[in-house]
Amino acid sequence: MRLPETQVAVLEAASATDAQTIDQLAEATGLKPETVTGAAFDLRDDGLVAVDEELETSASLTEEGEEYLDDGLPEVRLYRAAIDAGADAEPVEMGQLIGASGLGGPQVNIALSNFARKGYGVIDGGAVDANADADPDADEEAAALSAVADDEAGDVADDVLDQLESRGLVERSERTVRLVTLTDDGVTALMEGVEAAQTVDRLTPEMLTSGEWQDVEFTEYNVEADAPTAQGGKTHILRQTADRVKDTLVGMGFQEMEGPHADADFWINDCLFMPQDHPARTHWDRFALDVPPIQEIPADLVDRVESAHREGVGEDGDGYHSPWSEDFARAIALRGHTTSLSMRYLSGYAQGDLEPPQRYFSVEKVYRNDTLDPTHLLEFFQIEGWVMGEDLSVRDLMGTFEEFYRQFGITDIQFKPHYNPYTEPSFELFGRHPETGELIEIGNSGMFRPEVLEPLGIECDVMAWGLALERLLMLMYGFEDIRDVHGTLCDLELLRETEVLH
Ligand code: PHE
């Protein structure tokens, strides 16, 4: 019989003794374990060997286990110190024994909790009364520690190993061991003689030019052999969705805004007609930064914003009549929304004066001092956007959202009237979670108020929004806990297996 070289080697090695493990065969043949496994399975398919699988438990000492192997178990050390001090005749003070045994720190408690359990004696009122008949040389757990160290855990009783494992001295692990045994057909084949088929495992340029390739036999690939799973790198699903959102908005005629993550409260809040005593502006909600205040803000804009806060805008306008401090406005914090970018652009500060119509967006990170839960993170991505134009209405706003979400397969957006200090009217957006069926909030929007637009020098309408990228992802993929998707607790398996939508 002719067989590939590796199979001949494995078959011959397997005939040496009964039932050999893959590792033993690898050692005997000098082949790699995975090569032996592949050959063994091929031989099994031809009926020449049997491959049996067994679950093997192996045990190893933890660092603490190693320490007790060298120094002795704490309870044994305590017992020996007690016997030396005559505690088998008359109880001896605990403190004295601890000194004599050299036990320190947590080992004292470990010694005490195992001492009585093992019948080394009793501890009563701080004194140790040792049992004269106990034999520390026969300590099962001490013997088991050495057995584990010598790789002979198989000889140790299960309950003793369980005890050592629960004491954190031993760690157990399981692996599948494959045992290869010759079948009767295998024995016959060997008796009749097997020879290695001369196979070639690599096609070379020389073989091609000489034409030798036509006469040789090529090694077969075993496409079913066990192989490690290779995980390729890929773009994170959130980043991929952010890019897709950007493409979509560019396709809808928007231009991208950019600007600082840490910004002056002036751009984050004051321009938005957010009163300086608004709860969102307190230190609970805001990530303040200990850096010098911002210098460069157009002075006339500061004046107009202050005046809007104090007196309002227009003929019958009314301000907040609450304190307004320029220092407060110049202080720096992490932005809690990207509407700060919209303010920079709408003021002309970022881009120069803008003539309507204009459309701008950003897909950028924002920071909020929220409590972490399945739908809230301290950092998340906001899809910010605004449209500047003559005679815009709520219908334009709704139509824009419907058009935007439709491109992500989401067609049942719902709107709920809402309040923002900077928009009137304002709407929250909701979408239905595909798994739980619940309505979840996905964004906030509105038409900027005159108190926002007038100080910026804008005479037409501006509609604007902030949508949560993570919530869009939840609607698209049915994720239920956003912490599975990003951050330190993310579920790598889920991220690997989720089929990315394009
Ligand atoms: N800044 C708002 C938020 O973070 C979103 C928004 C932007 C609302 C612009 C209206 C206008 O929720």
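Just so you know, glycine gets a Cβ as well, placed from its N, Cα and C.
What TrEMBL says about this protein:
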{"type": "DOMAIN", "residues": "245-497", "note": "domain 'Aminoacyl-transfer RNA synthetases class-II family profile'"}
{"type": "BINDING", "residues": "Thr339, Gln382, Ile383, Glu384, Tyr422, Phe448", "note": "L-phenylalanine binding site"}
{"type": "BINDING", "residues": "Glu424", "note": "Mg(2+) binding site"}
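Features as recorded by TrEMBL, highlighted on the structure.
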residue: Thr339; record: L-phenylalanine binding site; contacts (Cβ under 8 Å, 6+ apart): Ile268, Leu272, Glu384, Tyr422, Ala464, Gly466
residue: Gln382; record: L-phenylalanine binding site; contacts (Cβ under 8 Å, 6+ apart): His337, Thr338, Ser362, Val363, Glu364, Lys365, Val366, Gly466, Leu467, Ala468, Leu469
residue: Ile383; record: L-phenylalanine binding site; contacts (Cβ under 8 Å, 6+ apart): Val245, Leu249, Phe361, Ser362, Val363, Gly443, Trp465, Gly466, Leu467, Ala468, Leu469, Leu472
residue: Glu424; record: Mg(2+) binding site; contacts (Cβ under 8 Å, 6+ apart): Gly446, Met447, Arg449
residue: Phe448; record: L-phenylalanine binding site; contacts (Cβ under 8 Å, 6+ apart): Trp386, Tyr422, Thr423, Asp461, Val462, Met463, Ala464
Translate the DSSP assignment of the residue listed as 'Mg(2+) binding site' into the three-state scheme.
strand
Please give the greatest C-alpha separation between any two of the L-phenylalanine-binding residues Thr339, Gln382, Ile383, Glu384, Tyr422, Phe448, in angstrom, as a whole number.
18
Taking the binding-site residues Thr339, Ile383, Glu424, Phe448, which residues show a Cβ-atom distance to ligand 1 below 6 Å?
Thr339
Local Cβ density at Glu384 (L-phenylalanine binding site) - other Cβ atoms counted within 10 Å:
22
Kindly assign Thr339 (L-phenylalanine binding site) to one of the three DSSP-derived states: helix, strand or coil.
helix
Specify the secondary structure state of Ile383 (L-phenylalanine binding site) as given by DSSP, simplified to three classes.
strand
What average pLDDT does the predicted model assign to the domain 'Aminoacyl-transfer RNA synthetases class-II family profile' (245-497)?
94
